[in-house]
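Participant: What follows is a structure written as structure tokens; I'll ask about it next.
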Amino acid sequence: MRAIVVKPPKPGVEINDVKIDEDKLSTIGLVKIKVLENGICGTDREIVSGKRTSVKPPAGKDELILGHEAIGIVEVGGYGLKEGELVMPINKRGCGKCLNCLVGRPDFCETGEGLVAGTKGLDGFMREYLYDDPKYLVKIPLAIKDIAILAQPLADIEKSVEAILTTQKRVPIWTCDDGTFNCKKALVVGTGPTGILFSLILRTYGFQVWIANRRELLDNEKEILEEPGIIFYNSENGYDNLVKSEGKFDLIIDTSGASASIMQHLVPLLQINGVLGLFGFPRYDNFSLDYKTVQDFVINNRIIIGLDNGQKPHFQQAVIHLASWKSLWPKTTSKMITKVISISNEREVISSLREKLPGEIKVIIRWE
Ligand code: NAP
Ligand code: ZN
Ligand code: ZN
């Protein structure tokens, strides 16, 4: 079958024939899925560029099938899944040793040896067929087929919001006087796909949401933020000016994945009992805080929390949110998939795996 493959740590990507010997594969307990489409994300591009050091092919191989976002159709069902049903595979599979992995929560793996499809020790989903354990498959309703690929990146964000809200149970009352989050202010830094998805989720939970970038928005980005009422701030104008006009933030999420030093600008913006969530992976630089800011942090019960990766419950929650957004914010959801490329258009597939174009939210590769 055809598959999109990389040979880490070498940069580059190819569409090749790879061998799956169906007769030798023990398909007992596995469902056969025909892949319909894959989403491309920044991680794929980092692997293709040769910059991701943690990428690893399956044991004994020098080649890795790329991809961790996929929608497929069940071709040979069983085990609770019927032929013709749409499914999304889960990418993080765990180490098989620690208790968190054994109960389906490899996002909290304690050995660091967990397998991740398309990234670490396990072939990914950019291929014509998959054989998979139903335990790792999430059912997708037909009604959201057009945007369902977003359920994978969204699952990570669902998990993040769950982690934040669970952590905030430390505060006797962290809601407003009507029991909602409507008076709470959140700032999301970065307007990439994850920044936008984070903002949408926080609006769904009722937060007032500001989203920041250090440039003006493109037209399609503006249109996406309009219906849900997400307010844009250009951080070139200084975060201190944002605080002067809007006050401090109960929740700040960094999704910029840029400089680590961005944290020292964000920490002083936090409200009492506030949370700074780190979701992006900073690529360079350091950050430092003076003693006064640290003291303030202690006195005001502020926290910094690392947020990583969603699992099956979060994929299922993501599906519910995508379905609700289609009716709540139809214009927004109609603009989230910015490009669909056919696998037969090899040149464009490869160039999209190499480079993110301005205004891109989600690019899909469609297997014909
Ligand atoms: P992305 O498309 O690169 O988005 C990053 C956004 O941040 C872009 O809009 C970028 O602007 C903006 N930005 C860059 N520097 C900034 C700055 N100094 N201030 C404000 N905004 C800035 O990436 P993504 O796919 O949304 O992912 C975001 C990050 O999350 C990445 O680091 C990724 O590796 C990480 N991630 C984490 C998890 C997890 O589970 N924790 C899961 C997936 C991804 P431009 O558009 O102008 O470049
Ligand atoms: Zn991804
Ligand atoms: Zn583990």
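Just so it is clear, glycine is given a Cβ too, placed from its N, Cα and C backbone atoms.
It should be emphasised that the depicted structure is a prediction, and the values quoted were computed from it without experimental measurement.
Okay, so TrEMBL annotates it like this:
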- 29-141: domain 'Alcohol dehydrogenase-like N-terminal' (DOMAIN)
- THR43, ASN91, GLN152, ASP156, ASN309: substrate binding site (BINDING)
- 146-350: domain 'Glucose dehydrogenase C-terminal' (DOMAIN)
- ASN213, ARG214, ARG215, PHE279, GLY280, PHE281, LEU307, ASP308, ASN309, LYS356: NADP(+) binding site (BINDING)
Participant: If one measures from the C-alpha of GLY280 (NADP(+) binding site) to the C-alpha of ASP156 (substrate binding site), what distance in angstrom results, rounded to a whole number?
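Facilitator: Distance (Cα to Cα, whole Å): 11 Å.
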Participant: Determine the most Cβ-crowded residue among the binding-site residues THR43, ASN91, ASN213, ASN309, using a 10 Å radius around each Cβ and all protein chains in the structure.
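Facilitator: Max Cβ neighbours within 10 Å, all protein chains included: ASN91.
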Participant: Sort out the sequence-distant neighbours of LEU307 (NADP(+) binding site) for me: same chain, 6+ apart, CB within less than 8 Å of its CB, listed by position.
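Facilitator: In sequence order, ASP156, LYS159, SER160, ALA163, ILE164, ILE253, GLY277, LEU278, PHE279 meet the Cβ cut-off.
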Participant: So what's the mean pLDDT when you look at the domain 'Alcohol dehydrogenase-like N-terminal' (29-141)?
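Facilitator: Per the prediction, mean pLDDT sits at 96 for the domain 'Alcohol dehydrogenase-like N-terminal' (29-141).
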Participant: Taking only same-chain residues 6+ apart in sequence, whose CB is under 8 Å from that of GLN152 (substrate binding site), what do you get?
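Facilitator: Counting only residues 6 or more apart in sequence, the Cβ neighbours of GLN152 (substrate binding site) under 8 Å are GLY39, HIS68, GLU69, ALA70, MET88, ASN91, PHE315, ALA318.
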Participant: Given that the record lists ASN213, ARG214, ARG215, PHE279, GLY280, PHE281, LEU307, ASP308, ASN309, LYS356 as binding NADP(+), what is the largest C-alpha to C-alpha distance among them, in Å?
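Facilitator: Across ASN213, ARG214, ARG215, PHE279, GLY280, PHE281, LEU307, ASP308, ASN309, LYS356, the two farthest Cα atoms sit 28 Å apart.
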Participant: Inside 10 Å of the Cβ of ASP156 (substrate binding site), count up the other Cβ atoms and send me the figure.
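Facilitator: There are 23 of them.
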Participant: Express in Å, rounded to the nearest integer, the largest CA to CA distance found among the substrate-binding residues THR43, ASN91, GLN152, ASP156, ASN309 named in the record.
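Facilitator: Among the residues the record ties to substrate, max Cα distance equals 14 Å.
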Participant: In the domain 'Alcohol dehydrogenase-like N-terminal' (29-141), how many residues does DSSP call helix, how many strand, and how many coil?
Facilitator: 17 helix, 44 strand, 52 coil
